[in-house]
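Asker: These came from TrEMBL, pasted as-is:
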ACT_SITE  K10  active site
ACT_SITE  D134  active site
BINDING   P92, V93, R94, A95, G96, L97, G98, G99, G100, S101, A102  ATP binding site
DOMAIN    64-142  domain 'GHMP kinase N-terminal'
DOMAIN    212-269  domain 'GHMP kinase C-terminal'
Amino acid sequence: MAILMLAHAKINWALEVTGVRPDGYHALDMLMQRIDLADELFMEPARWISLTVDGKSIPSGGRNLVVRAANALNEYMGTRRGARIRLKKRIPVRAGLGGGSADCAAALLGLNRMWRLNLPESKLMEIGLRLGADVPYLLRGGFARVRGIGDELTPLDGARSVPLVLVRPGGGLSTPHVFAEYDRMAQARGEIDIEGAYRALACGDLHTYDRLSGNALEAPARKLMPEIGRVMERLRMEGAVAVRMSGSGSTVFGAFESADAAQKAHEALPGSVLARTIVQ
């Protein structure tokens, strides 16, 4: 039985750093939603695990999260099942869109089905958390508030399909470098109104959302890559009602009140990507 899985990217509508855990990981508070930009994973049974990747600068060996997901399932089950997997990349890397984690989540879901393991979502999320902080959310999707290190998920009502234009400045950013710069800058915490931003989004009020939300990693990311700020300004000039950086960057997204407005901005910004949030 062969399986085709879509691995949807995510955006962070809001991201606050709430502290640093004893193990050194930063605790976060985020609003997240998947978008219709997606990678594709084609899986079929085989004698061993192999991965081929259509995309630039993507490892296909044991470091790839798809391979690690397959190995983690085999380790948990005490088996040596195989799969031939082909990954078609559309989500840019080092972009703050969760591309690697999305691929990992799709691999866990697809292999669980293809190998007929019948593992519950809770077990897949437990395995996924060990592979990446965004994996549990991307296993479930939807509109959610995500806290801690990705292990505390609260589904939210009021999801809307919002037209977006995404721009990824430069060659992307390293997440550890952005967090290290955040620590050096010693920013004040608690300035982002996550609850208020959620209520505004649920009501479709992008203007209020833009005023209340934020991304605590934006300032350190902009310091490392000043082009991020210029792209944000350009998106506003092209009509975006709200503009944010996703995750640790470098992707910036503009939210628009209509598909026509988003289309015009997309046409004015070479290399941009037109997308929508997913309501599910």
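Numbers here mean position along the shown chain, with the first residue as 1.
Each Cβ is built from the backbone N, Cα and C atoms, and glycine gets one as well.
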Asker: If you compare CA-to-CA distances from D134 (active site) to each of the recorded positions K10, P92, G96, G98, G100, which comes out shortest?
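Answerer: Comparing Cα positions, the closest of these recorded positions turns out to be G98.
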Asker: Using DSSP, would you call K10 (active site) helix, strand or coil?
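Answerer: Reduced to three states, the DSSP call for K10 (active site) is strand.
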Asker: Does DSSP put G96 (ATP binding site) in a helix, in a strand, or in coil?
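Answerer: Once the DSSP labels are grouped into three classes, G96 (ATP binding site) ends up as coil.
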Asker: Do me a favour and check the Cα-Cα span between G100 (ATP binding site) and K10 (active site); whole Å is fine.
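Answerer: About 11 Å separate the Cα atoms of these two residues.
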Asker: Tell me, which binding-site residues from P92, R94, G98 are within 10 Å of K10 (active site) if we use the C-alpha atoms?
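Answerer: Those close enough are G98.
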Asker: Quick one: mean pLDDT on the domain 'GHMP kinase N-terminal' (64-142)?
Answerer: 97
Asker: Enumerate the residues of the same chain, P92, V93, R94, A95, G96, L97, G98, G99, G100, S101, A102 excluded, that satisfy the criterion Cβ within 8 A of the mean position of the Cβ atoms of the recorded ATP site; list them in sequence order.
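Answerer: Surrounding the site, in chain order, are A9, I91, G247.
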Asker: Work through the recorded positions one by one (K10, R94) and point out the residue whose CB has the fewest other CB atoms within 10 angstroms.
Answerer: R94
Asker: Fewest neighbouring Cβ atoms within 10 Å: which of the binding-site residues P92, G100?
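Answerer: Fewest other Cβ atoms within 10 Å, among the binding-site residues P92, G100, is found for P92.
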